[in-house]
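So the structure is just underneath, and the comments pick up after that.
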Amino acid sequence: MDLEKKELLEKISKLELENSGLRKRLEAFESPLSADSSKLQHTKIDEDFTLDEYKRYGRQMIVPSFGSRDGQVRLKHSKVLVIGAGGLGCPALLYLSAAGVGKIGIIDDDVVDTSNLHRQVLHTTDSVGIHKCESAKRYISRLNPHVQVETYPYRLTNSNAFDIINKYDVIMDCTDTPATRYLINDVSVLCSKPIVSASGLKTEGQLTILNFKNMGPCYRCFYPKPPKPETVTTCTDGGVIGPAIGLMGITMALEAIKLITGYYTKENFKPFLAQYSGYPQQTLRVFKMRNKQHDCAICSPSATITKEIITNNEIDYASFCGKVNTNILDSKYRVSVRDFHENNNPKSVLLDVRPPEQFQITKLPNSINISWDPILTKADNIDEYFPADFDKSKDEVYVLCRYGNDSQLAAKKLIEELGIRNVKDIKGGINKWSEEIDSKIPKY
Ligand SMILES: Nc1ncnc2c1ncn2[C@@H]1O[C@H](COP(=O)(O)OP(=O)(O)OP(=O)(O)O)[C@@H](O)[C@H]1O
């Protein structure tokens, strides 16, 4: 009876907690979308700006490279499309809207997740579960009500890309996959729109401007063929330090401002690639870009890709870029987290092949850690890592990683090259364990 009462009380307090979270999200929705307009000084000073706008933008208008009042007028009449309201898009959006870009389009199909908040700084804890574009719009409207924001809470695809991209003057590629980068490149080249493009991972980033007045290489000139999918590391896999990617997003905003205010001209613009590194010391190296590829499929005189080819879906960008093969091992060498949980023998070895940094975040009891790298590089003395009485020919080894891909590669290596016979991969890794067996093991 006591136990039942305890369970009921626990359930009630859990429901109360959930309710207060939901109430907060509702309040966030109901709060005014734009700033308190009584604080704006609406008095029109001239045909372009109000008193508020002169006060707001004065500090940037007086910087000579910015282009004075004309620069501000150009910004006010400009339209910028930000594709992806994530790690790059958020800081870019912050500075573009604060600077007074007239119209900003935001396209992103994703919703805010708690794991985004350390770097996607427009989104707040209250926005978790809300569409990123709506969350960004809410923030921008409060920051600068002079900016018109249009949101597209869906993916940019072959079918909608021309319509959307054509409406804007500058395209900001703040996405995270090669497939979308090729699509943005091809459509922007065909629509003659400059692209400010950046990427970032771990502690590093890079940035470039493509297709400005048809100068310099386009993304396809750089990468006529996509990188092999297994060589593409995302922030989910490799991690990312917020300020490092944030800096790339902010720099993207600066480059867009230089394009819009007319700082860059055909005469002074030199195609470049900037590479930033946050560790060990901050460095920014700027390289001159090589020329266009004379036979580029999209930007050369002999180009073969046309608007019709894209809109008729004759290019499938996702297949073009390939997918990582997630079924590396035969199913007889794989077990589910539940099977492992219910049936493993206490004498079996649980081998966690994640890097030590990840093993330190969370681990299953009684697991040993030999990260995937040492399995490859220290293969000769692999025995040292196993218990002294471990019998390679028969003792069970269960291999675990974060999602279940590296563990398959490691299991394959153990079986095929290191003579360990009884090896099983745990499907879905530690994140699946957290979902299905024990939610106290944090998912990351
Ligand atoms: N084709 C596309 N159309 C619209 N938005 C896109 C497209 N491709 C990528 N994006 C968006 O670009 C953003 C990139 O952000 P970021 O690189 O910070 O990754 P993320 O997906 O938010 O984070 P994580 O990798 O940690 O899950 C994401 O919000 C993603 O939804």
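Each residue's number is its place along the chain shown, starting with 1.
Every residue gets a Cβ built from N, Cα and C, even glycine.
Per TrEMBL, the candidate among Gly87, Gly200, Gly205 that belongs to the ATP site alongside Asp108, Ser115, Asn116, Leu117, His118, Arg119, Lys132, Asp176, Thr177 is Gly87.
The CA atom of Cys235 (active site, glycyl thioester intermediate) is located 11 Å away from the CA atom of Ser115 (ATP binding site). With respect to ligand 1, the recorded positions Leu117, Asp176, Cys218, Cys401 contribute Asp176 as residues with a C-beta closer than 6 angstroms to one of its atoms, given in sequence order. In terms of C-alpha distance, the listed binding-site residues Gly87, Ser115, Leu117, Arg119, Asp176 place Asp176 closest to Cys296 (Zn(2+) binding site).
Cα to Cα, Arg119 (ATP binding site) and Cys221 (Zn(2+) binding site) are separated by 31 Å.
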